[in-house]
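Novice: Here's the feature list from Swiss-Prot:
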- G374, R375, S376, G377, S378, G379, K380, S381: ATP binding site (BINDING)
- 27-308: domain 'ABC transmembrane type-1' (DOMAIN)
- 340-576: domain 'ABC transporter' (DOMAIN)
- 23-43: transmembrane segment (TRANSMEM)
- 64-84: transmembrane segment (TRANSMEM)
- 140-160: transmembrane segment (TRANSMEM)
- 163-183: transmembrane segment (TRANSMEM)
- 247-267: transmembrane segment (TRANSMEM)
- 273-293: transmembrane segment (TRANSMEM)
Amino acid sequence: MTHTLPTQNVFKRFAVYLKDFKLAFGVAIIGMVGYSLIDAYVISLLQPIIDGNGGKWDYDYLRIAAYFVIPVFIARGIFNFMGTYTLSWISSQVVMKMREQLFHQYMHLPVEFHDHHPSGQLISKVIYDTEQVAGAAGKAFLTLVREGALVFGLLFWMFYHSWQLSLVFILIGPLVAMIVSVVSKRFRLVSKNIQQAMGNLTSSAEQIIKGHKVVLMFGGQDLEASRFAKKNNNNRQQNMKLVIAQILSVSSIQVIASVALAVVLYISSKPNFITDLTPGTFVTVVVAMTMLLKPLKQLTTVNSEFQKGMAACVSIFSVLDNAIEKDTGSKVLDKAKGKLEFRDVTFHYPNKEEAALSDMSFTVEPGKTFALVGRSGSGKSTISSLLTRFYDAQQGTILLDDVPLQDFKLKDLRRQFALVSQHVTLFNDTIANNIAYGSEGRVTPEQVLAAAKTAHALEFIEQLPNGMETLIGENGLMLSGGQRQRLAIARAVLLDAPVLILDEATSALDTESERLIQDALETLQQDRTSIVVAHRLSTIESADQILVIERGRILEQGDHASLLSEDGAYAQLHKLQFGDGQTDA
């Protein structure tokens with residue numbers, strides 16, 4: 001995901017986000033320029049006040065100024081509000097749009113992408129990187145226009161009053177430009193490192209929060225604290241590098257500006273060199289030059305904000321540029337019959353040499369139960385991932401109702417499968433909404449209740465204080481493993497898909513929970529094609545066909561009785577689980 005785009009190209013792409021806010025930008029620019037020009041104009045009033053009427057105080061001028069100063073500063077405040085509020089509004093809109101784009105992209109990127117990128121870093125892009133973009137769109141642009149307008153306004157009055165003295169200040173321009181160019185590259189590099197460090201920090205915190213029970217059980221507090229401290233210190237160091245670069249650049253430019261000011265003062269001390277300067281003109285020019293130091297400092301500082309924003313844009317664009325899931329199918333499918341077929345399927349996971357599946361071929365007739373048995377890592381779960389097209393096979397063809405999976409629209413294809421896994425995913429929402437997930441707007445509360453009853457979930461739901469409206473916490477942390485599993489089954493019941501995938505659905509459950517869930521699964525499997533991935537052979541004895549897999553290849557295939565009679569790999573697995581005396585079960 002590494003991009004090395006030039007700043008100009010990144011800014012052009014970023015500018016696309018701003019094109020919808022042309023009117024707002026116009027208002028903001030008017031506000032910021034008006035604010036700065038008032039400041040510059042106030043400085044220009046020093047000359048007539050000091051020089052007065054032939055060197056005497058002009059009391060009429062002072063009286064007019066007294067009436068004039070309040071409206072001027074009211075106008076200054078209005079201009080400031082126009083510029084600051086409008087730019088803040090624009091930056092918030094840009095951040096919102098970028099976050100929505102990232103979120104949408106995350107949902108449509110292939111599973112392979114999420115396999116290779118820590119969730120903490122992806123979250124950091126949504127939360128932290130977009131805020132850096134806001135800094136570029138808001139604070140940086142505000143400072144650039146407002147302080148830039150002030151610089152031009154002050155230079156205008158300086159040249160108007162004494163172009164000879166003002167010319168000295170212009171000579172520092174190339175030096176300032178050179179410093180800004182060098183420092184910009186440093187800002188960009190350090191900003192990129194800060195974003196990477198922030199992503200690592202977020203990942204570390206997320207891991208500990210999710211796995212805090214494991215940390216407590218194994219006494220890993222000191223280890224994790226040390227790891228986090230190291231990453232936290234790295235983040236601090238990167239931020240300090242940015243601060244150092246910022247301080248050095250600001251100080252360098254201010255020193256150069258002070259040299260120019262010193263030259264002006266020295267020239268002014270030579271009466272024969274400049275003879276037409278009045279005291280008021282001299283004071284106005286010197287004060288304007290002194291006031292230039294602050295906007296020059298701000299313009300140098302804003303460079304760091306801008307470079308942080310551009311580095312964040314590169315980070316965000318690197319995600320947005322990833323290809324989303326390929327959905328090349330055109331066939332619409334309402335409800336499949338449920339026939340599945342693998343024809344000479346070979347599949348490699350990315351960056352792995354050994355095939356997860358090799359020349360895999362089998363057929364599952366509609367309404368039949370097909371069980372997959374084998375050691376961990378043999379390729380059982382890979383089959384279910386290929387059926388739902390989380391991955392695509394490199395060789396061979398997978399068919400649903402005699403049609404290759406790639407020919408169907410992805411959304412229609414996945415609607416044909418209901419997955420119940422040992423790794424249940426629930427959301428921080430009500431029980432009813434979790435059961436109805438994916439079916440919202442298409443089901444009634446009565447149907448949700450019926451699904452819960454079929455899954456034997458009502459037994460515990462009715463005991464909760466708010467029943468179906470009970471909030472269950474992140475990933476159902478308020479529920480037991482068996483309760484979470486039953487909600488997953490209820491979700492599958494409500495989906496009413498023609499093909500059911502059960503991936504270790506009853507593993508690691510107590511006997512009572514397993515009995516209830518097994519009853520619910522038997523009801524769910526009726527009139528559906530079922531793919532059952534199991535370690536517990538007792539759960540698949542009634543399967544129509546059992547496939548024994550080893551290292552991605554089919555070792556044996558048949559029903560429970562025939563495989564036992566062959567006394568092969570399946571029979572050996574059965575003996576390990578039940579003992580020699582129960583091989584006829």
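Placed from the backbone N, Cα and C atoms, the Cβ positions cover glycine too.
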Novice: Quick check: with G374, R375, S376, G377, S378, G379, K380, S381 left out, which same-chain residues have Cβ atoms within 8 Å of the centroid of the ATP site Cβ atoms?
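Specialist: Surrounding the site, in chain order, are T382, I549.
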Novice: Just checking, which of S376, S381 (binding-site residues) has the fewest C-beta atoms within 10 Å of its C-beta?
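Specialist: So among S376, S381, the binding-site residues given, the one with the fewest Cβ atoms within 10 Å is S376.
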Novice: If you count Cβ atoms within 10 Å of the Cβ of K380 (ATP binding site), leaving out that atom itself, what do you get?
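Specialist: I count 24 other Cβ atoms within 10 Å of it.
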Novice: Out of G374, G377, G379, which of the binding-site residues has the smallest number of neighbouring Cβ atoms within 10 Å?
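Specialist: Counting other Cβ atoms within 10 Å of each of the binding-site residues G374, G377, G379 gives the minimum at G377.
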Novice: Should G374 (ATP binding site) be counted as helix, strand, or coil on the basis of DSSP?
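Specialist: SS state of G374 (ATP binding site) = strand.
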Novice: Sequence gap of 6 or more, Cβ distance under 8 Å: name the residues on the same chain that satisfy this around S378 (ATP binding site), in order along the sequence.
Specialist: I549, E550, R551, G552
Novice: Cβ distance under 8 Å to R375 (ATP binding site), same chain, sequence separation 6 or more: which residues?
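Specialist: Within the chain, R375 (ATP binding site) has Cβ neighbours under 8 Å at E550.
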Novice: Any idea what DSSP makes of K380 (ATP binding site), helix, strand or coil?
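Specialist: DSSP call for K380 (ATP binding site): helix.
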Novice: Over the domain 'ABC transporter' (340-576), what is the model's average pLDDT?
Specialist: 86
